[in-house]
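Enquirer: Submitted below is the structure of interest, expressed as structure tokens.
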Amino acid sequence: MRLPVKIAIGCAIGLVVIIVFGFIAFPKMIKGKVKSMINLNKGSEIRQMFVKVPFALDFKIYMFNVTNPMDVQKGALPVLKEVGPFCFEEWKEKVDLDDNDDEDVMFYNPKDTFYKANGPGCLDGSQMITMAHPLILGMVNTVVRTKPGAISLISKAINSIYGNPDSIFMTASAMDILFDGVVIKCGVKDFAGKAVCSQLKEAPDLRHVDENDLAFSFIGPKNATPGKRFKVLRGVKESHDVGRILEYDNKKEMEVWPTKECNQYKGTDGTVFPPYLTKEEGLASYAPDLCRSLVAVYSGDTKYDGIPVRIYTATLGDMSKNADEKCYCPTPDTCLKKGMMDLFKCAGVPVYVSLPHFYESDESYVKGVVGLNPNKKDHGIQILFESTTGGPVKAAKRLQFNMPLEPNPKLPIFANLPNTVLPLFWVEEGVALNNTFTKPLKDLFKIMKIVKIAKWLIMLGCLGGLGAAGYLYFSKKGEANITPVHKVKPAENGVSTLGGEVNHAMSDNEIEKY
């Protein structure tokens with residue numbers, strides 16, 4: 001077999017092998033291996049991290065101090081000064097675990113525990129904060145919505161419990177407001193005060209200080225307290241379903257919003273996502289505090305610690321314009337403007353949520369107070385997501401809690417209030433994986449990069465070999481075969497020559513015949 005043919009056959013075989021293995025088999029092998037690893041089956045590494053996150057999340061709180069409370073009582077816009085951060089470690093775990101292998105599901109209750117943390121710029125919590133009293137404002141706004149005829153009773157109760165206050169504002173330390181509790185004096189004897197206090201004593205989020213007094217805080221009741229029960233798919237049978245919520249609080253869908261679509265649980269609880277999500281799918285996660293699933297959308301690509309990742313961002317949408325979000329409107333005829341959501345139907349309290357500093361919200365909210373400076377870097381929601389394994393490598397989830405201010409002539413301390421939305425505080429839940437957790441990802445991508453480079457080099461080599469073999473083959477085929485000419489001497493065996501040429505026609509015996 002000629003050399004060019006041998007080269008061509010060898011290169012063709014090599015080309016087929018590299019196409020089959022490098023471009024088809026190896027990617028499928030990696031994909032299959034990753035899918036087999038990303039599940040919540042008992043004993044899996046992912047489940048261990050899902051059940052108890054092996055590191056603390058950075059939890060920061062920023063509070064808004066109202067610097068002109070008495071002016072606000074007269075109708076002026078609130079002037080705000082941001083105070084913070086107040087820093088905490090947040091440890092996440094799941095408790096009371098149970099599994100159903102036939103359904104490929106697991107059950108759990110989430111539990112978040114907060115510990116005070118120190119760090120650059122972190123405040124100790126002793127700072128005094130002036131803000132609208134959440135209970136006074138909350139009680140009045142709730143009664144106005146649900147039982148407006150009882151407003152005079154509430155007015156008397158406020159005077160009784162809070163000692164005839166001259167404003168809706170209170171001043172307390174940051175730690176008392178956030179965790180330790182602001183005391184509510186419920187040892188009153190009048191009918192209105194006792195009626196309201198009897199309701200407050202049944203509220204699960206208020207701490208009983210003693211027989212009469214209660215204490216209110218924003219985050220204290222949730223600290224180290226198991227939440228309601230989840231039922232999620234483990235992803236053993238189908239990796240694309242890993243972590244997907246099937247039930248929450250023993251319900252297959254919510255009973256909060258007016259449409260079936262908005263009452264659906266979409267996505268996971270935010271601590272695990274399926275591998276190989278497409279950009280178009282987004283990152284869907286259910287937030288129990290909002291009674292809503294939020295979907296972070298793809299917005300670009302970048303690198304984190306050398307790992308290629310996607311950038312996802314999220315907002316609260318615009319219920320006033322988006323048809324799919326009309327279900328979140330407080331009433332069919334009343335929708336909040338862009339970037340704002342009312343939690344009254346969800347939590348039973350008139351609290352509005354937005355992004356910090358009203359970022360990505362209607363401009364009227366920003367102009368309704370003084371002192372805000374919304375910007376993407378500090379106030380947006382951003383997730384850096386590694387799509388192969390389905391893991392966030394860096395994230396900043398931010399949310400601001402607000403309460404509406406509305407004038408009400410039936411209550412003296414509400415009579416001249418401005419009509420605006422007042423920010424109370426905002427939180428940031430952050431995570432950034434260190435080298436301990438990114439190294440396995442970097443090793444995986446290093447192997448994939450080496451294989452990618454090698455397969456292209458081998459393929460180019462094979463194509464080059466085929467080209468060289470073809471050149472050699474056709475070059476040989478075009479050459480002419482020339483036979484060399486040798487001088488012939490006369491024979492010495494009696495053969496005659498005529499005219500100097502050898503006569504091959506007659507031998508000596510033939511001549512003798514004549």
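From the backbone N, Cα and C atoms, a Cβ is placed for every residue, glycine too.
Since this is a predicted model, take the numbers as computed values, not measurements.
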Enquirer: Select, from Asn65, Asn223, the one residue given the annotation N-linked glycosylation site by Swiss-Prot.
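Expert: Swiss-Prot records N-linked glycosylation site at Asn65.
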Enquirer: Please name the cysteine among Cys262, Cys291, Cys462 that Swiss-Prot pairs with Cys346 through a disulfide bond.
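Expert: So the cysteine that Swiss-Prot bonds to Cys346 would be Cys291.
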Enquirer: Between Cys197, Cys262, Cys335, which residue forms the disulfide that Swiss-Prot gives for Cys327?
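Expert: Here Swiss-Prot pairs Cys327 in a disulfide with Cys262.
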Enquirer: Going by what Swiss-Prot says, which of Asn434, Asn481 is noted as N-linked glycosylation site?
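Expert: Matching Asn434, Asn481 against Swiss-Prot annotations yields Asn434.
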Enquirer: Do you know offhand how many angstrom separate Asn65 (N-linked glycosylation site) and Cys346 (disulfide bond) by C-alpha?
Expert: 27
Enquirer: Along the topological domain 'Cytoplasmic' (474-514), what average pLDDT does this model show?
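Expert: The average pLDDT of the model in the topological domain 'Cytoplasmic' (474-514) works out to 51.
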Enquirer: Among the glycosylation sites Asn65, Asn434, whose Cβ has the fewest other Cβ atoms within 10 Å?
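Expert: Comparing Cβ neighbours within 10 Å for the glycosylation sites Asn65, Asn434, Asn434 has the fewest.
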Enquirer: What number of additional C-beta atoms lies within 10 angstroms of the C-beta atom of Cys291 (disulfide bond)?
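Expert: Cys291 (disulfide bond): 20 neighbouring Cβ atoms within 10 Å.
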Enquirer: In whole Å, how far is Cys291 (disulfide bond) from Cys329 (disulfide bond) when you measure between their Cα atoms?
Expert: 13
Enquirer: I'd like the number of other C-beta atoms within 10 A of the C-beta of Cys335 (disulfide bond), please.
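Expert: Cys335 (disulfide bond): 19 neighbouring Cβ atoms within 10 Å.
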Enquirer: What are the non-local neighbours of Cys262 (disulfide bond), defined as same-chain residues 6+ apart in sequence with CB under 8 A from its CB?
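Expert: Sequence-distant Cβ neighbours: Met254, Arg292, Cys327, Tyr328.
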